[in-house]
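A short worksheet on the structure shown next.
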Ligand code: 2AM
Ligand code: CA
Ligand code: CA
Ligand code: CA
């Protein structure tokens, strides 16, 4: 399959950053780690990967703006384009030696996400999507799972961490979802959660308290795999609200309704 020049640029940056993460993952005990807030860690590995992506993308597309997790906003002369970059999604897993983490890069054109790449270097799984062009994993076309009964589904979620508010809400949501589905998973990388929904590995996913760089690429991945995404209110303000609900059309609707339900007591 021929990849567009744009996707090639993004893939090259993601894989180069991924190789750097893999090297650091092999020596994770030697990494310098600091805390940005309660339970919120960042390591040299995050920063190195981000530097690589920043250098590669700036070279390939001079003038595009950036929103990156570690360095924040970097302005550009081009007011049409912005990269949304998470150099290491799943830092907690990474620092614990759990090989579930990813690089996530998305491109916004005039405020619309037009391309996304998610790479898990530990499994050498590369997810790519371009608006209108479908979603792929290592060049295999992706399609969301076809299950339509919530009781048959495996649903991913994010569990609020130390320092993040919404614990009360989450426990209500979790209880409601648990009562309806076959199983629940928590991977610890929102980008990969969405990639897994796109790949049909998980039937759905919901999480709150997210940042644009966590989900921008993944949202496009799910849509291009034929899935549906919304914020927790059913709107399309995922990046602004930091909430996401995803699945095929039927599961998305059912999961959204279940997540929004008040606590059911028996
Ligand atoms: P991060 O690893 O890039 O920080 C996990 O469900 C999602 O929440 C991941 O996308 C993770 O991104 C994000 N997250 C943000 N802050 C976190 C924290 N303190 N602990 C765990 N995950 C965090
Ligand atoms: Ca982080
Ligand atoms: Ca992240
Ligand atoms: Ca990160």
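Placed from the backbone N, Cα and C atoms, the Cβ positions cover glycine too.
Taken verbatim from TrEMBL:
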BINDING   69, 86, 88, 89, 214  Mg(2+) binding site
**Fill in**
Across 69, 86, 89, 214, listed as binding-site residues, the smallest other-CB tally within 10 A is for 69
**Message:** If the criterion is a C-beta within less than 6 angstroms of any ligand 4 atom, which of the binding-site residues 69, 86, 88, 214 pass it? List them in sequence order.
**Reply:** 69, 86, 88
**Mg(2+) site shell beyond 69, 86, 88, 89, 214, criterion: Cβ within 8 Å of Cβ centroid** = 46, 85, 87, 90, 91, 102, 103, 104, 189, 191, 211, 213
**Prompt:** Tell me, by DSSP, whether residue 86 (Mg(2+) binding site) is helix, strand or coil?
**Reply:** strand
